[in-house]
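Everything on this sheet refers to the single structure shown next.
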Amino acid sequence: MSALCDPPGAPGPPGPAPATHGPAPLSAQELSQEIKAFLTGVDPILGHQLSAREHARCGLLLLRSLPPARAAVLDHLRGVFDESVRAHLAALDETPVAGPPHLRPPPPSHVPAGGPGLEDVVQEVQQVLSEFIRANPKAWAPVISAWSIDLMGQLSSTYSGQHQRVPHATGALNELLQLWMGCRATRTLMDIYVQCLSALIGSCPDACVDALLDTSVQHSPHFDWVVAHIGSSFPGTIISRVLSCGLKDFCVHGGAGGGAGSSGGSSSQTPSTDPFPGSPAIPAEKRVPKIASVVGILGHLASRHGDSIRRELLRMFHDSLAGGSGGRSGDPSLQATVPFLLQLAVMSPALLGTVSGELVDCLKPPAVLSQLQQHLQGFPREELDNMLNLAVHLVSQASGAGAYRLLQFLVDTAMPASVITTQGLAVPDTVREACDRLIQLLLLHLQKLVHHRGGSPGEGVLGPPPPPRLVPFLDALKNHVGELCGETLRLERKRFLWQHQLLGLLSVYTRPSCGPEALGHLLSRARSPEELSLATQLYAGLVVSLSGLLPLAFRSCLARVHAGTLQPPFTARFLRNLALLVGWEQQGGEGPAALGAHFGESASAHLSDLAPLLLHPEEEVAEAAASLLAICPFPSEALSPSQLLGLVRAGVHRFFASLRLHGPPGVASACQLLTRLSQTSPAGLKAVLQLLVEGALHRGNTELFGGQVDGDNETLSVVSASLASASLLDTNRRHTAAVPGPGGIWSVFHAGVIGRGLKPPKFVQSRNQQEVIYNTQSLLSLLVHCCSAPGGTECGECWGAPILSPEAAKAVAVTLVESVCPDAAGAELAWPPEEHARATVERDLRIGRRFREQPLLFELLKLVAAAPPALCYCSVLLRGLLAALLGHWEASRHPDTTHSPWHLEASCTLVAVMAEGSLLPPALGNMHEVFSQLAPFEVRLLLLSVWGFLREHGPLPQKFIFQSERGRFIRDFSREGGGEGGPHLAVLHSVLHRNIDRLGLFSGRFQAPSPSTLLRQGT
């Protein structure tokens, strides 16, 4: 009978059935009848065919009474559960399908969940098996767990895809779990297995876990819902036991000693041609049967129990290192742990992502690296190479924040000991060399992946191109481009070479995003030519792969600058490096010349974005922008008016700011920029000259050129007004019907307030005289460069002095008039009679006061006078200043002119300027040489003669003719009636005769030239 019940090779009976409250024990005759009924399916007494329900209960009776019949009974019960599942699915098929499973209506109440007549049988089976497990778990739990788990696998595979209510296993794990747990039969099997595992969890759960792994391998992926449910119920046990069973099976199938990726000795006979495979060359399911199941189970649990999986994997790793060196001796499981973990990580990106976050912390202690090195010493060279290849592949698949940390760890470990920055990191040389080799192989592997992302060359020719292959390691580094660039610029040996190469690969992989960003970081952080050369090398390596790299980098950096995300020191460094590159190109340097040329083109296309940087509040940024724009090539087409005016305004502002902060040595860049802008077009020249003159005469800049600044003028006026009890000006305004005009007497005599005395004295700020001279010379030098005629210096008599353009000088003259006396701008150039000065007293006083407060006006008049006939356009200023001086000398009661030093100097300068500008003949133009020797009334007489001459011979441009030999306009006074002086020269001679004792030697200077002399001067 035992032979009939137990299959060949089956284990012996686990023992007598437990005592229950069911039927009394059967006699031998009754037991024989039950066996016959079970085997034939016919009732031995009544002779009719047993129903499925009766047949199942007959088997349960035998299972209680005859333990050796368990194999046959359990096999028969498979059919019972199969019929119950079929009935359940048939009932679901009859129900209308509406929406997803969790929204579908329940089956009709008249249809039992387990099929007609089988629900109670399934419940009885669960009760019987539960009693067996509780009575003798060590004997029954392994058998029943294997039976239940295998039956669930068969049912899952059998009915997958055969019914419309059973979703496909791929991507429908939650729906499958809900469907099968809603079936009474499969839920009962799950409860039975959970009871078995609970009974053995404290002693030896390996049998249950082995059965789970075997079934998972055989019926995956239809069986995944079982694994997910059991793993969620027993995460700690399942994770540890699944890994333990997988490791044991890995050892049996060649893992211990076979290394990572070899099966016994087969790997050495057929080596893989690709040293860095995307997946193992031989399918892992064929080499190690259970490892695929381990990967699947842990993959399901990784989302909710990632911490437990990570702790268990790291525990296995540390335990293997603590067991001593690897190789052919020692515990096989310890020897195979590292290859096993590598293989798991290769097959499951989810597991790799789970561990990669703490992998660096796990390997950082020097003792761990030393133990790992000792552990791997006993492995053959071929197996070590295989594991190294797997490690390279795993690093390339690392993702998330752990990828950058892993890279830093590898680089720090591979660096020579003298350059390691981490304190206390003592790494053996063998470990250092291994990391060095790992990094080199990693870079080679990444290069292959990046440059072969689209598959084989012929792939996609006839159809759509294949999607690019993803490289998780490079994807994770996209957010660390700035850190990589900073590490590269440290120029530590080996490190910067590795990271520079990695930046190139990352730029090609993520094009076009990371390439411009990396180039921008290098340009904004490089502090020396050596560091700057890294940017040129990166560009040289990417120029073939990335088109438009430099314009993109330039635009991205400018966008960061204007958005305020690039700090001012980095902005200044970026602009200085650009200027250096463009300068190299203009000097014809080798190497980065092409880079400088391209950057020059990019900069010229963004002049409107660079111009505001000249106004940057940070001085170093503004100065760097000026250095770049000073040598940046302008576009081939003409600048638009808006671009030109924006550049000129910013350049002029930069000039005065540099002059204030750094003095003349700091304005070189601004001067060069403004000179180039003045040469772009006539409009540019006029704008530069106009803004320079206006800026120099502005109240905020007058003190740079020796001007007087009313520091507290407004404050003092307010105080004075508040203290005054009576104001003559206010009184007159109240008693007049209208506000007095600019020519009235009320606006002339305002030296003080009646009852309060004179106005408070002005608070004057002044600079050092030498500094004023330097500043003035810098401004005049810039104006001369801008006004210089294209021909340069062609006259030997000019002693190298540049020939100024009359049109440019005219622009300066017009700007002077508009700045000093705006209400007289555009006035007639003809000189009015002396009586006319009575109507312009206020204007003349204002002009005289401006000349006294701003000595720069005299220098600007000299500049204008050097390019006749431009001084004619300053006629209003000359009349006003001359009238103011006449009034002063008329009112002066001093015996000599030395008591009025400023007026004396102003008178001399005025006459000399008019002579230089050919407004006076030479005889009259030399009279200023004797002013210091005369009395004030005599100076007034001479100035009146000047006024009279100008009244008769007005300063009109039409009186000048162009002399091609000298390349300038001249005025021939001999052709004008009385142009040599005439009666006006007689006044000068009379003064000379009166002071012949002191001025006799000057008489030759005031003689009208002969016609022959004029002829020689004309030629």
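Glycine is no exception: its Cβ is also placed from the backbone N, Cα and C atoms.
Keep in mind that this is a model prediction, so the values were computed, not measured.
Per Swiss-Prot, the residue annotated phosphoserine among Ser528, Ser640, Ser805, Ser1010 is Ser1010. The feature region 'Disordered', as given by Swiss-Prot for the ranges 1-26, 313-338, 365-390, 885-910, sits at 1-26. Swiss-Prot marks one residue of Ser220, Ser279 as phosphoserine, namely Ser279. The list of residues near the transmembrane segment (534-554) in space but at least 6 beyond its ends in sequence, with Cβ under 8 angstroms from a Cβ of it, reads 488-489, 496, 500, 503-504, 507-508, 511-512, 515-520, 522-523, 526, 577, 581, 591-592, 595, 598-599, 602-603, 605-606.
When Cβ-Cβ distances below 8 Å are used as the criterion, the transmembrane segment (930-950) is approached by residues 831, 834, 882, 885-886, 889-890, 892-898, 900, 904, 907-908, 911, 914, 919-921, 924, 981, 983-985, 987-988, 991-992, 994-995, 998-999, 1002 of the same chain, each at least six residues removed from its ends.
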